[in-house]
Amino acid sequence: MSEVVAETARRRTFAIISHPDAGKTTLTEKLLLFGGAIQMAGSVKSRKAVRHATSDWMTLEKERGISVTSSVMQFPYEGKIINLLDTPGHADFGEDTYRVLTAVDSALMVIDVAKGVEERTIKLMEVCRLRDTPIMTFINKLDREGKNPIELLDEVERVLGIQCAPVTWPIGMGKRLRGVVNLLTNEVHLYEPGRNFTRQDSTIFTSLEAPGLAERIGEQMLADLHEELELIQGASACFDPTEYLGGRQTPVFFGSGVNNFGVQPLLDFFVEHAPSPQQRDTTSRVVLPTEEKLTGFVFKIQANMDPQHRDRVAFMRVCSGRFTAGMKAFHVRSSKDLKLANALTFMASDRESVAEAFPGDVIGIHNHGRVSIGDTFTEGEVLSFTGIPSFAPELFRRACLGDPLKLKQLQKGLTQLSEEGATQFFRPLMSNDLILGAVGMLQFDVVAYRLKNEYGVDAAFEPVSITTARWVYCDNSKTLEEFREKNVTNLAVDASGELVYLAPTRVNLQLAQERAPEIHFFATREHAYAVGVD
């Protein structure tokens, strides 16, 4: 067996998705803790505490207590290599989350036991369904009162359209929480506040009939549990690996992330059943992970991960072959070889130089403006991975500068921050305005904050009369030039130099489309070609 085949089989690359405040970042911490990647989980609860969540590493995130950029973390567990991509839970950062989901092989969905399925979870599930991504579910905050577990499973099935297969089942909830029972092994894990719940620090009974269990949880609770399990095992599906890998069934676990409870069974099950790196579609062929030659694509760019070095790092998912430090790779878009020196692996903002990487791994490439989101790297073959789009923004603001002498820094800041993909930067053809587009208001706050802290620029963002944007293309260059002349007041270029129509109203956009039927208007732009024709 080749090294690439063996190492690919060891990889598990996944993302955690949830509605804001479902406890995703806390669970991320605990997975790292159980994986031995960190010694002490960050105090996510007290945001004023010195210890901040390991995966919320940017200054703004630490101050606000929300994840606004995706972190990448790698750790070994039970002979496997786990690549965990933490995603922003805040709704305004959906595009970043969408692109992260193109880089993983499976996902873990976190649901708040009291709130059930929430709006953001529904949207993220829709994205996962587009790619039939296998999903496991962790129902969190079991130490608080919440919905009836049977009703929760019914809600997940009804709202998200995916079959539930419970793997662990709660014994009580809130103040009555006594533990969980594993439906596959019949083991009972007791809940004892203050414990770490590692294998060495858990009270585990081998079955519901084990001596001493009734004394620990109470005769009545044990009798109720037997009754409930009879009902649930008769009414719910058994775990089916084929259905799970096809994205049609979700194994469900219950626990309390903040108390470390229920995390170990989840991680053990994940390592055993989650898929290793899968094949990937390109514009020309399917790439298998076990191919010997390196391929990979960039799904994220992060500016100023280290403010002292003013750096930009491109996050590349390795899709096939083996990456070695200092190797040259073919950058398909520019048709040039780039030396991938000083590539990095991550533990949130802690970074280490990487000697080698295999399919499923995410490496950081130092980027001096040559690499964009969606770019493909190979060992010479011309191909382009598909499905990594930019979306048309829904909100637009004009950047206003307090100090006109800082214009150059402002332009540089807006360009670099837009490369990360959470905002988009437009320059109208007929004015000197600097227009920023986003999908949520929070992004303008984030950009203003980062401009000040990372670029030394005080900028405000004022409303501008733009309702929506569309990328415009035409195969006939003469027709495109005529369209450009007639509509120059509504046209701009984005950070990549692509032509964009900025419509003041929906009616204006409709009229423009009717008057120029040979011009294609796109609501999303995918690297190498556009998708999503209006």
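The backbone N, Cα and C atoms fix where each Cβ goes, and this holds for glycine too.
Since this is a predicted model, take the numbers as computed values, not measurements.
Annotation comment: Swiss-Prot describes 9-278 as domain 'tr-type G'.
L142 (GTP binding site) counts 28 other C-beta atoms within 10 Å of its own C-beta, drawing on all protein chains shown. Among the features that Swiss-Prot reports, GTP binding site is placed at 18-25, 86-90, 140-143.
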Please classify the secondary structure at S18 (GTP binding site) using three-state DSSP.
strand
Please determine which of the binding-site residues listed here (S18, T87) has the lowest count of neighbouring CB atoms within 10 Å.
S18
Using DSSP, would you call T87 (GTP binding site) helix, strand or coil?
coil
